[in-house]
Amino acid sequence: MNKYFDLKYFALALIVFAIGFYNHEQFILLLLTYFGYHIIKGNNRFLVLVNFYLAMLVSLPILEINKNSKILIGEWLNNLVGFSIRDYLINFNTNNYGEELGSFLNLILFGYKNSVVNELYKKIVNLSLLHLFIISGIHISFLALVIKKIFVKKWLYFPISFFLLFFICYVNNFNIGSFRAFIFFILSGFKFKNKNPKLWISIIIIFLLAPKSLSQFSFQMTYISLFVLFMNFKWNKKLLLNSIIISILINIYLLPYISNMNKKISLLGFFYSYIFSPLVLANYFIALFTFMIPSYDVLNFFYQVFKGMVLLSENINVVITLPIIPVNYFPLYLIFIWSLNLLFYKVNDNKIWRK
C-alpha cells in the first residue's frame, strides 16, 4: 500500500474534493490547479492519479454524510458538563475587570468581540493585525515551548501541555488554527519516516471531523500560510530577512481572501505585525496566567499600552482598497503566485518542502 499511497498527494486531493463539493463552479479550476501543481513539480503521474482516485473514494461518501462546518468537540463537552466553560469565563472577565478591559481580555483570549471593543477592533483590522488576535499555532506553539522550559521531563511536560492546550482549544471553540497546532503537538511525540507529515495528517483529521470547514476561508488561509512558510523556510540564512520575506509572501498569497473579507489592506501591515506581535503575545500570556487572579493594574497597563500604540499607528497608517477577486478564480491566482515563487526563489530545491 505504501508503494501507491502518498500522504501529501492524498491530503491535497481531499482539499480539492471538499472545496469542489460546496463550490461546483470552482471545481474545474481546482482540478487544473491540482494537476498543474504536480506537473510543474515533476511528480510521479501514476502516483498522483492513484491518490486522487483514493481521495475521491474516501471523500465523496463522507461529504454526503457529514455536513459539519466546524469541529464539534466543544459542543459535545458542553453537553457533557451541562454548561459552557467558555461562556462562564467570558462573563467572569466582564464582571471582574469592567466592560472595557474585560471585553479586551475576551477578545485576546477567546476571540470574542462585542460592541464595547468594536471601534478598537476596526482599527486592528485597518492595521492588518487581526491575525494576531486569532488563537493560532503561534500562541499554541509558544505556550508549549514555555511549558517545556518549565517542565523539562517529558513524562511531566507532555501531559501538562496536552491538557492545557486542549483546554485552550476548547475555550476557543476548536477553531482551525488552534486545533491544527494541537494536532501538531500530539504528532510531535511520534517519529515518522517522512520529514513533514504533520501538515498532511492534520488536514485529514480536520476533514474527517468537519469536512465542510475545508471550503471555508479560515481553513484555507491557515494552511496557505503554512504552505508558504514551509516552502520558503531558510531560503535565506539571515533570519530577520527571511521572516520579513515570508511575511510579505504570505500577504501576497492571501490577497484574494483579504480583498473579499476586508476589501482593503495596510501597506505597513507586515511592519506593524513585527511591532505588535511581542506586545500581543505578552498581553495574551499575562492574561492567560493571571485572569483568574485579581491583577487589574497589570492587565490594564498592558491594555493601555496596546491601545495607545494602535491609536498612534492608525494616524500614520497607509491603507489601499483592493479589487475584489472572484472566489472562483482563487485557484488560478494561487498557482500563478506559487509558480512565480518557484521561479524567483528556486524553492523547488528546498529539501524541507520535499518529502
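Heads up, residue numbers simply count up from 1 along the chain you see.
Keep in mind that glycine also has a Cβ here, set from the backbone N, Cα and C atoms.
What you see is a predicted model, and the numbers here were worked out from it, not measured in a lab.
Feature list (source: TrEMBL):
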type: DOMAIN; residues: 108-342; note: domain 'ComEC/Rec2-related protein'
type: TRANSMEM; residues: 12-40; note: transmembrane segment
type: TRANSMEM; residues: 46-63; note: transmembrane segment
type: TRANSMEM; residues: 129-151; note: transmembrane segment
type: TRANSMEM; residues: 157-187; note: transmembrane segment
type: TRANSMEM; residues: 199-219; note: transmembrane segment
type: TRANSMEM; residues: 239-258; note: transmembrane segment
type: TRANSMEM; residues: 270-296; note: transmembrane segment
type: TRANSMEM; residues: 316-345; note: transmembrane segment
Checklist line | Tertiary contacts of the transmembrane segment (316-345) (same chain, 6+ residues out, Cβ under 8 Å) | finding: 23, 25-26, 29-30, 32-33, 36-37, 40, 126-127, 224, 228, 231-232, 235, 249, 252-253, 255-260, 263-268
Item checked: Segment-segment contact (the transmembrane segment (46-63); the transmembrane segment (199-219)) at 3 or more Cβ pairs under 8 Å -> yes
Check: Most CB pairs under 8 Å with the transmembrane segment (239-258): which of 12-40, 157-187, 199-219, 270-296?
Finding: 270-296
Notebook entry, point to check: Counting Cβ pairs under 8 Å that are 6 or more apart in sequence, does the total for the transmembrane segment (12-40) and the transmembrane segment (199-219) reach three or more?
Noted result: yes
Margin query: With a cut-off of 8 Å between Cβ atoms, can you find at least three pairs linking the transmembrane segment (129-151) to the transmembrane segment (199-219)? Only pairs 6 or more residues apart in sequence count.
Written below: no
